[in-house]
Amino acid sequence: MNHLLDERKRRLSQFHEIIKKRPIETRPVDIPDGVFSQCEQCNSAIYNKDLEHNYEVCPYCSYHFKINAVKRLKYTLDEDTFKPLFENITSKNPLGMPEYEEKLDKGMRMAKMNEAFLAGTGKIDGQNLAIGVLDSYFMMGSMGSVVGERITRLIEHAAKHNLPLVIFSASGGARMQEGILSLMQMAKTSGALNLLDEKGLVYISVMTNPTTGGVAASFASLGDINIAEKSSLIGFAGARVIKQTIGQDLPAGFQTDAFQLQKGQVDLVVLRSQLKKTLSTLLKLHAKKVTS
């Protein structure tokens, strides 16, 4: 018996040596671009069709990918109900900033829009509303004079037609190429929201990743109901800048959606797949009966 066991060990050893010496053949696999995406949080490779079917949310860790304004409307509104407004208002270069026109052109190509804010009307489960979406693919969704004007006109349109208003924010803040003109939009958009308050119309603000700077410090934080989409960074300035300014250590994760909910900055944190249902419920609860 021992002889048989020794013989078996010897043959296994020979087999392993042969396998080790055998050259490994590798054949390159040509995978076309746009087939897979890598999750920023867990680094998993995800088949893009699976990602789209899952609302652009990682199936492994639930990280919410950034999406453009067109997809946002697709996931939020009833099919074929969106009617755009104010698309004829476009940005110029009022301060003559170098390379601003080139950045605008690049933003148009990346976002396939002529500005960072898409405004219009639509329906959610048959309920009419005014809706606006900031697109972070257009100059990081920054708010310049045209974005501020479109937002203000959308608010005025909602007030005039007795419509509830929903705005999705995704922005790095004020557009530095427009200087003080961009900062003025903070006061302008915030002041316009009084029109809805006077008429008893609900304004729902949905903060997505990221909502920062002058946008976070103005209309995005002034909703009657403030919602944060899961996986969103929300805050005014970066952690390093704040620490240098106040000279204090900051709480861990202080700009996350969970922290904002804990401290009362937002009322709800909602998964993207549940946003339409949540908005539909809120619109029904705050429906304003208009008698003609």
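Cβ coordinates come from backbone N, Cα and C, glycine included.
These figures come from a predicted structure and were not determined experimentally.
Copied over from Swiss-Prot:
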BINDING   C39, C42, C58, C61  Zn(2+) binding site
DOMAIN    35-292  domain 'CoA carboxyltransferase N-terminal'
ZN_FING   39-61  zinc finger
Within the chain of C61 (Zn(2+) binding site), which residues six or more apart in sequence place their C-beta under 8 angstroms from its C-beta?
C39, Q41, C42, S44
Cβ contacts of C58 (Zn(2+) binding site) (under 8 Å, same chain, 6 or more positions away)
C39, Q41, C42, S44, I46, L51, H64, F65
Which residue among the binding-site residues C39, C42 has the fewest other Cβ atoms within 10 Å of its Cβ, if you could check?
C42
Around the recorded Zn(2+) site, report the further residues of that chain (criterion: Cβ within 8 Å of the mean position of the Cβ atoms of C39, C42, C58, C61; site residues excluded), sequence-ordered.
E40, Q41, N43, S44, I46, P59, Y60, S62, Y63
